[in-house]
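Worksheet for the structure shown next.
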Amino acid sequence: MGSLLEVYEKCVDTVVTNALIIDWTGIYKADIGIKDGMIVGIGKAGNPDVMDGVHPDLVVGSSTDVIAAEGKIVTAGGFDTHIHFICPQQINEAISAGITTMLGGGTGPSTGSNATTCTPGSTHMRQMIQACDTLPVNFGITGKGNDSGKESIREQAIAGAAGMKLHEDWGSTPAAIDTCLEVCDEFDIQCMIHTDTLNESGFVEQTIQSFKNRTIHTYHTEGAGGGHAPDIISVVEHPNVLPSSTNPTRPFTLNTLDEHLDMLMVCHHLSKNIPEDVAFAESRIRGETIAAEDVLHDLGAISMMSSDSQAMGRCGEVILRTWNTAHKNKEQRGVLPEDEGTGADNFRVKRYISKYTINPAIAQGMGHLIGSVEVGKLADLVLWTTENFGTKPKLVVKGGMIAVAQMGDPNASIPTVEPVIMRPQFGTFVPSTSIMFVSQASISQGVVQTYGLRKRIEPVRNCRNVGKKDMKFNDVMPKMRVDPERYTVEADGQLCTAEPATSLPLTQQYFVY
């Protein structure tokens, strides 16, 4: 009904109708047109021969399929920038929760990968890129950046690394930091860092000096996931630092501290029978800085959210924990100044959704292709029912095809027969609906072309020119002070503190079945 009698080239492949779009670009209702896996139009779709106001790029014909989004929320697919690739089953968990891009390192459940997000060496890099080829999300693989010499880091970049990871377990010394950043500048790839918790090779001030004003992405910036104790959180004041959180500390609850000690002992191969190991673990888990992390997220001083999958965090809870944090801050801190008098929380909503969509995409040099609902971007879209927003997607569109969806019994006469659970769909089996992000050098030198990939291959770009100023709705750089004895945190002279939550939405009652 209403289809244009025209050639295929003029018509979209798929139209998502009447969507309530929530994105950093705005909160509004529109149709979304998809062609060749890309978003080609946002506005009013239909047949211009019989309908007024149809967007010229949203023509619907007999070659067009329809996804009805009436009463649904549509967002961009989420981006988790802190993945320990410990097992491939993570990908099913993540995409079922609305994550469509994963960046990190590892080689499986090795001792090194359990602790650090690094895929070391050109052989491991090639093998992991090949292993991810048939998995239904976009990927970027990070190499090991801990080396005082450049050649091994260069080798990994040429093999296809989309970034380099510095981790304290391999020695995040000033020399290693400086060398890694030099290579990242050379290859235009991002540098991520887990800093020196024990302050063995210097304090946070020495680490910041070793950055030399070069762009760097700081993982778990609060410090429970690792980093200079107790004041790594102070890096949020610097314009070259792109700060992110990992989700186990999001938000601060009554259970947060107890949970973290056990997680830390396992992830970093520690023993409860060794006093020094216990002291190390306890130095990283501080209620005061975790409470301050809540506040800094609400101020827009911490720009991104991630998981730290199976290495303290949960890859299926990035989106959920983001909205938990937003809720807790609304309850405890009230309406943001930008939302006062509007009768809505739209500014806060845009601030928080940016933390797991556009900002990580920009930080990792992928924002030109993913991270938002915009024309010219890959059609990675998540449809949510309003009552399950942030917990269980209705379906996930990956590169224009439905990859996973809430689906009933496959033997039933209709698709809604219980049990209705998230199940893989046909888009899962089409590698070309996803992107493998690699370094430009690995493409220019013809290296990744020899890997036999079926995924779309794209280079990361503009990783070294990005700064805190580019983080959408999360570019605040307050002057920080951390008391070294009491661990209290001040931002622009104001104490950053919050009470631990005793209950949260989007938790147990949403996962009874």
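Every residue gets a Cβ built from N, Cα and C, even glycine.
According to TrEMBL, the domain 'Urease' annotation covers 77-513. Look at TrEMBL and you will find His82, His84, Lys165, Asp308 tagged as Ni(2+) 1 binding site. For Lys165, His194, His220, the entry in TrEMBL reads Ni(2+) 2 binding site. Feature annotation from TrEMBL assigns N6-carboxylysine to Lys165. Taken from TrEMBL, the feature substrate binding site applies to His167. Per TrEMBL, the feature active site, proton donor maps to His268.
Here the features listed in TrEMBL are painted onto the structure.
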residue	record	Cβ neighbours (10 Å)
His82	Ni(2+) 1 binding site	33
His84	Ni(2+) 1 binding site	27
Lys165	Ni(2+) 1 binding site	30
His167	substrate binding site	23
His194	Ni(2+) 2 binding site	25
His220	Ni(2+) 2 binding site	27
His268	active site, proton donor	21
Asp308	Ni(2+) 1 binding site	30
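A distance of 13 Å separates the Cα atom of His84 (Ni(2+) 1 binding site) from that of His268 (active site, proton donor). Of all the recorded positions in the list His82, Lys165, His167, His268, the shortest Cα-Cα distance to His194 (Ni(2+) 2 binding site) is found for His167. Comparing CA positions across the recorded positions His167, His220, His268, the one lying closest to Asp308 (Ni(2+) 1 binding site) turns out to be His220. The closest partner of His82 (Ni(2+) 1 binding site) among the recorded positions, by CA position, is His220; the full candidate set was His167, His220, His268. Rounded to the nearest whole angstrom, the C-alpha distance between His220 (Ni(2+) 2 binding site) and His167 (substrate binding site) is 12. Under DSSP, His268 (active site, proton donor) is assigned to coil, being neither helix nor strand in the three-state scheme. According to DSSP, His167 (substrate binding site) is assigned to a strand segment. The DSSP secondary structure for His194 (Ni(2+) 2 binding site) is strand. The CA atom of His268 (active site, proton donor) is located 12 Å away from the CA atom of His167 (substrate binding site).
His220 (Ni(2+) 2 binding site) carries neither a helix nor a strand DSSP state and counts as coil.
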